[in-house]
Every structure is written in structure tokens, then in C-alpha cells.
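Asker: From TrEMBL, for reference:
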| type | residues | note |
| --- | --- | --- |
| DOMAIN | 1-405 | domain 'Major facilitator superfamily (MFS) profile' |
| TRANSMEM | 22-41 | transmembrane segment |
| TRANSMEM | 53-75 | transmembrane segment |
| TRANSMEM | 81-99 | transmembrane segment |
| TRANSMEM | 111-131 | transmembrane segment |
| TRANSMEM | 137-155 | transmembrane segment |
| TRANSMEM | 218-242 | transmembrane segment |
| TRANSMEM | 254-274 | transmembrane segment |
| TRANSMEM | 281-303 | transmembrane segment |
| TRANSMEM | 315-338 | transmembrane segment |
| TRANSMEM | 350-371 | transmembrane segment |
| TRANSMEM | 383-401 | transmembrane segment |
Amino acid sequence: MSYSSPAQSKIMEELGLSVADYSFFTSVMTLGGMITAVFSGKISALVGRRQTMWISDVCCIFGWLAVAFAHDIIMLNTGRLFLGFGVGLISYVVPVYIAEITPKTFRGGFSYSNQLLQCLGISLMFFTGNFFHWRTLALLSAIPSAFQVICLFFIPESPRWLAMYGQDQELEVSLKKLRGENSDILKEAAEIRETVEISRKESQSGIRDLFHIGNAHSLIIGLGLMLLQQFCGSAAISAYAARIFDKAGFPSDIGTTILAVILIPQSIVVMLTVDRWGRRPLLMISSIGMCICSFFIGLSYYLQKNGEFQKLCSVMLIVGLVGYVSSFGIGLGGLPWVIMSEIFPVNVKITAGSLVTMSNWFFNWIIIYSFNFMIQWSASGTYFIFSGVSLVTIVFIWTLVPETKGRTLEEIQTSLVRLS
């Protein structure tokens with residue numbers, strides 16, 4: 001996602017793109033993600049979690065090569081679209097896979113490692129984007145996908161997926177690899193089989209089952225968190241960070257480097273604390289921080305526009321952006337995906353995961369495509385709106401989102417059905 005930030009000025013200059021052209025190039029990735037999100041649950045159920053990740057990597061490699069060698073807007077958009085296809089698949093399957101292989105004691109921390117590595121990718125892009133041409137940057141970006149293609153041969157398949165297809169022997173082999181050869185996995189294997197069998201008897205995964213009254217609370221939480229995560233403006237910073245700094249008259253190379261430096265430490269802190277503090281407290285802290293920092297960013301733009309406190313504006317902007325990125329990273333960045341992987345029962349997890357992921361990409365597309373036009377309309381007004389949405393997020397989390405720390409997936413899902 002963050003490739004579009006350092007590449008914006010050079011791509012627009014060399015290929016003669018307008019603001020609308022570049023906004024579409026940046027946002028077409030989210031359209032690709034939305035398309036594959038419709039099928040991500042079905043694909044991962046049909047071919048397995050590992051194979052789905054492999055398909056994603058192939059799409060991403062093709063996408064990066066197309067961007068790197070593009071000489072017109074069509075090839076550029078085609079490459080970006082395939083990147084969306086790949087990320088749309090992997091953004092669903094990775095949280096589900098991690099939740100299904102991890103013991104409940106460590107599930108939050110392991111699930112958040114996904115967010116940590118996403119922050120690492122954004123940081124690398126922000127930092128290396130200051131030194132490499134956009135074509136070279138695209139080629140370098142294909143390396144992680146190629147590396148993962150090889151590494152996927154060495155990880156086990158999800159035990160719960162194996163149970164869904166009655167592969168009992170493979171299920172136990174997978175658990176042995178995950179828990180250790182000397183671990184007693186018989187009880188856990190029996191619980192997984194029982195849960196999957198109950199879900200299979202209750203109903204088959206389908207859209208009608210998803211909208212059953214028993215799943216209402218889970219659905220509201222899943223869709224609500226994804227909508228609020230995007231409408232807080234988070235995607236705009238990763239996609240247009242350089243533009244945001246330029247608009248405020250702050251050197252973009254310095255600003256993006258500062259953001260790159262702070263992303264990794266704050267993600268490590270969250271990964272180590274998420275199973276101690278719980279999901280709700282981190283989400284609340286995250287939303288409050290984003291609300292305050294968005295207001296400061298909007299205020300800095302407002303004061304700058306009126307020619308007041310120019311030096312203070314630059315300080316306020318960088319403090320606001322660093323605070324915003326840190327606040328987003330400690331909660332709302334990764335925890336909605338962790339919670340999404342925990343709250344839906346096995347029998348609707350495929351359909352629910354696809355719907356929630358597709359909605360996230362759709363909301364993401366709205367922000368990514370409209371942001372350049374919004375900031376031209378009013379930079380301060382844009383961030384005051386984001387601050388208001390963050391305030392709504394605080395209320396939503398406080399009233400509707402349950403704590404899932406230290407509970408099995410089965411316990412979480414049973415409690416939510418009762419609330420519905």
C-alpha cells in the first residue's frame with residue numbers, strides 16, 4: 001500500500017499522470033483486493049490456507065513486475081490491480097491461519113505479528129523510497145513474495161482445515177509440528193474435531209447462515225471495526241504520506257523517515273503486550289490517541305492556512321502524524337483482524353471472512369481514491385472529519401466489542417451467540 005507514497009511525484013512526472021489518474025492507480029489495488037475478498041474464504045476452504053497464500057504470492061510477483069516495467073497507465077494499473085488480487089487473498093487467510101494454529105494463551109501476540117510485519121513493510125518502503133527510483137523500488141518489493149513462495153513449503157497446514165475434510169492423521173501430524181513432537185495433542189485434536197463436526201451438523205457455510213440472528217453481534221462487530229478502521233483515515237497516511245508532508249511544507253523525505261523509524265518499535269511493544277492487556281484496552285487507547293492526533297493534524301493545517309504560528313504548525317504536524325501512526329499501530333491497525341478471526345464460528349467463518357474482508361477493501365478504496373480530492377478541498381477539514389470518526393470508534397468499541405483475551409475460539413463464539 002505504501003509504495004504509492006514515495007513513488008507519486010516521479011510516476012506522475014515521467015508518465016504524465018493527472019491527480020485523478022494517480023488516485024485511481026493508488027486505489028485500484030483496493031478494487032483488486034475487494035474482488036478476491038469475495039472468493040478468499042471459498043478459495044482457502046477449497047485448496048487450504050497454505051495454497052491460498054501461494055496463489056497470493058504469485059499474483060503479487062506478477063503485479064510488481066508489471067509496475068516495474070510499465071510504460072503507460074494501462075500496464076501500471078494492471079500491475080497494481082494484480083497486487084490487489086494478491087493482498088486481498090492474503091489479508092483474509094493470514095489472520096485465520098494464525099488464529100487456527102496458535103494456542104489461546106499466545107494467540108493475540110502471534111496474530112499481531114502479522115501487523116508487526118506489515119509495519120516493517122511500510123517502514124522499508126518509506127525509508128528505501130527516499131533512495132531508489134520507482135521502477136527499482138517495485139523490483140525490490142517483489143523479493144518478499146518470492147521468498148515466501150519458498151518458505152510455504154516448510155509450514156504445516158491448519159489443523160482446523162484438515163479437520164473440516166476429515167484428514168485425522170494429517171491433523172495430528174500438523175499439531176505435532178506446531179506443538180512439538182513430545183506434546184500431548186490428543187485432547188486438542190479431539191476438541192477441534194468436535195467443534196468442526198458440530199458446526200457441520202448445524203449448517204453449511206452460506207450467506208443465509210451468516211445473517212442468522214445468532215451471528216448478528218459478530219457481524220456488527222466485524223463490519224463495524226473494518227468501516228471505522230478505514231474511515232479514521234489510516235490508509236491515507238500509508239498511501240500518501242509524502243503528499244501530506246508536502247502539503248504542509250514539511251520535507252517529505254525527513255517526515256517519512258521519522259514515520260519509518262517509529263513504526264517497528266511500537267508494533268513490537270503491542271505484540272508483547274496484547275495477551276496481557278487484552279484487545280479492548282488497546283483498541284480504546286488506540287482510538288483515543290487517533291482522535292486527539294487527527295485533531296492536531298487538522299489544527300496545524302488550519303493555522304498554516306491562516307498564516308499563524310508557522311513554526312508551531314510544523315511541530316504540531318509531525319507530532320500529530322507520529323502520534324496518529326503510533327496510536328493506529330497499537331490497536332486499530334491489527335486488532336480488528338485478530339478479532340475477526342476469533343468471533344465467527346467455523347460454519348460461517350468462510351462467508352463471514354470474505355464479507356468482512358471485502359467490506360474492508362471497499363471502505364479502503366473510498367478513502368484512498370477520495371483523499372487527494374478531500375485534501376485539495378480542505379486539508380484541515382479532512383482531518384477534523386477523521387477525528388470525529390475516531391470519536392465514534394471509541395463509543396463503538398466501548399459499547400459493542402467484547403474482550404477475547406485468554407478464551408478459546410469456541411468460548412468466544414458461544415458468548416456472542418448468547419448476546420445476539
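All residue numbers here begin at 1 and follow the chain in the order shown.
For all residues, glycine too, the Cβ spot is worked out from N, Cα and C.
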Asker: Using Cβ atoms only, state whether the transmembrane segment (254-274) and the transmembrane segment (111-131) have three or more pairs under 8 Å that are 6 or more apart in sequence.
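Answerer: They are in contact.
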Asker: Mind checking which residues of the chain, 6+ beyond the ends of the transmembrane segment (111-131), have their Cβ under 8 Å from one of its Cβ atoms?
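Answerer: Long-range Cβ neighbours of the transmembrane segment (111-131): 1-3, 5-7, 94-95, 98-99, 102, 137, 140-141, 144, 238, 241-242, 253, 256-257, 259-261, 263-264, 266-268, 270-271, 274, 329, 333-335, 337-338, 341.
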Asker: Where else in the chain does the transmembrane segment (81-99) make close Cβ contacts, counting only residues six or more beyond its ends and a cut-off under 8 Å?
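Answerer: Hits for the transmembrane segment (81-99): 1, 28-37, 40-41, 43-44, 49, 52-53, 55-60, 62-64, 66-67, 107, 110-111, 113-114, 145, 158, 337-338, 340-342, 349, 353-354, 357, 360-361, 409.
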Asker: Have the transmembrane segment (315-338) and the transmembrane segment (281-303) got at least three CB pairs under 8 Å, pairs 6 or more apart in sequence?
Answerer: yes
Asker: Among 22-41, 137-155, 281-303, 350-371, point out the range having the most Cβ pairs under 8 angstroms from the transmembrane segment (218-242).
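Answerer: Ranking 22-41, 137-155, 281-303, 350-371 by Cβ pairs under 8 Å to the transmembrane segment (218-242) puts 350-371 first.
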Asker: In the same chain, who gets a Cβ under 8 Å from the transmembrane segment (281-303) while lying at least 6 residues past its ends?
Answerer: 232-234, 247-248, 270, 273-274, 309, 312-314, 316-317, 319-321, 323-324, 326-333, 335, 379-384, 386-387, 390-391, 393-394, 397-398, 401
Asker: Taking contact to mean three or more C-beta pairs under 8 angstroms, with sequence separation of 6 or more, is the transmembrane segment (22-41) in contact with the transmembrane segment (137-155)?
Answerer: no
